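Trainee: Right, I'll just put the structure down here and ask away after.
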């Protein structure tokens, strides 16, 4: 701890998690929907992962990418679970500085992975529609696992410097976070030092991952629509587009809350802290809750696998 320019500067040993501002007295009731969401997330995504792993007929590119999506969503949710349930169920509002940085690193790393997986899934749908005869020849197992490794490595390499940059900053007595977990847009408002480098690097991460991924997804769907419109029969067009329905839902459930959260952070102090909390929770919880439900309903092979799994369990009983 040191005094510089009459301002007390320090490296905090802990942060205080607020949860949902203004509703602290209702946290025990708020914990109920959060517990239900976690149950849906882990049960839904876990079921999809189990079905894909055990059914060899689903060891195809489309379902392997779906398994990657489920894994990233489980990773994001597992990263938030300790502090969210700690705040709402047990009133544990303190988190150490290092644990907060680790949680921030995990949440944002898995979010970057999820965005990249959604892009890979859009490429998968384009290849399947544009050149179905060479689909499995183009998206081979080594290429798919290479893509998965690249996605994981890229997210870690991009996020590591951001964590290091935060540790180099000095803080001025502010250690209260406006969520029940640690996010970089929230943390970056607390230091009293110059955060220009952090902000520039954070913007670079956003544009080179979420921005670029979303642009390429739009381009992929432009090519998909062009290919579909060239199909002679209306039935053929319908079948081709039906294979994209679940992925389109996944893209919207991911990017719409992200865009909303970005707008809320840009407006800063002009919006209610409650809106900040709502948008942050929608960004982190909506995709992993919605996607397993959508894919279970709209994907015939997944429904069949779940039915087979349930019937097998009944037979054992």
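Here the Cβ of each residue, glycine as well, is placed from N, Cα and C on the backbone.
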Trainee: Among the residue ranges 274-294, 295-315, I'd like the one that TrEMBL describes as transmembrane segment.
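Mentor: In TrEMBL, residues 274-294 carry the label transmembrane segment.
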Trainee: When TrEMBL marks a stretch as transmembrane segment, which of 4-23, 104-123 is it?
Mentor: 104-123
Trainee: Give residue numbers and ranges for long-range contacts of the transmembrane segment (240-262): same chain, 6 or more residues beyond its ends, CB-CB under 8 A.
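Mentor: Sequence-remote neighbours of the transmembrane segment (240-262) are 69, 114-115, 118, 121-122, 125, 128-129, 185, 210, 214, 217, 221, 224, 227-228, 231, 279-280, 282-283, 286-287, 290-291, 294-295, 298-299.
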